[in-house]
Amino acid sequence: MTALKNDRFLRALLKQPVDVTPVWMMRQAGRYLPEYRATRARAGDFMSLCMNPELACEVTLQPLDRYPQLDAAILFSDILTIPDAMGQGLYFETGEGPRFRKVVSSLADIEALPVPDPEKDLGYVMDAVRTIRRELNGRVPLIGFSGSPWTLATYMVEGGSSKDFRKSKAMLYDNPRAMHALLDKLAQSVTSYLNGQIRAGAQAVQIFDSWGGSLSAAAYQEFSLAYMRQIVDGLIREHDGRRVPVILFTKGGGLWLESMAEVGAEALGLDWTCDIGSARARVGERVALQGNMDPSVLYANPAAIRAEVARILAAYGKGTGHVFNLGHGITPEVDPAHAGAFFEAVHELSAQYHG
């Protein structure tokens, strides 16, 4: 494989020295970019875009072409590709978000679910990873990703998005055996899927536990974190002569960082409700940290964005082990120039904390 021209993202995850704090942004290839909207219109719909490796590559690279400060690319895909490959029938309702034609409601439903083969059943994702790596030609590392078992399970049991997770939590408490069976099958599927991405060329992977923060502390340990640990234990950790770092991100998980740091991932993602300085004091000896600016700051003017970047950099302090990011994904209404101001500020203001 081509040598990396910029590896500061990987170096920071491994807590090796860097010249400036690396930066990327969740949903950096997305609807806030006019070039993304144009490519999506050409594709016809969101899933057609995800399932076309050439177009998925095109939108993955768009933010890098616009923002030379970006230190990583992230695969353009969706966390719900796994349930779709399990036969749940993913589709998108205008204004409603993702929906499934089939809903999981019993142990029999769960036992009937296959564990997808990444090359046979999700080959379009693996092809996209290979295409992106080829086109990146070593510019920056490529991040692969998956949803966490608990997060995927909520969509499969609810039949789509949910505000209160009533069906998922009812299964968790009424029929924990069924929920554990579903989570175990999803953990196997995620492990296989992420290993497929790593073999195809992903140089780091992130597990998005978007809804882990909806759980009680005890339920989080048993029904979310335990299965992320199972995944991390089964991942390929060395590939193509390099360590493949793993990032765990539980939105709303700031209370549980100590437990998360014991799972074996190189880094933890933080949402904006955490103080990054406190997080570093708690777990910074064991893991790198990624985050954690409130995405809504990007609605403010560039001077305010710069001030918030400066505050977060100062809160983290000197040295490596920090990847700057938002605390969740960028929203569609943000001015692309404000994203550019964010990236510029991170590199300009962070040099003083290194070297």
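Keep in mind that glycine also has a Cβ here, set from the backbone N, Cα and C atoms.
Owing to the predicted nature of the structure, the values given are computational and were not obtained by experimental measurement.
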Looking at substrate binding as recorded in Swiss-Prot, which candidate out of H322, H328, H338, H347 goes with R27, Q28, A29, G30, R31, D78, Y155, S210? H328
Pairwise Cα distance for Y155 (substrate binding site)/D78 (site 'Transition state stabilizer') [Å, integer]: 13
Going by DSSP, give the three-state secondary structure for H328 (substrate binding site). coil
Can you tell me the CA-to-CA distance separating D78 (site 'Transition state stabilizer') and R27 (substrate binding site), as a whole number of Å? 10
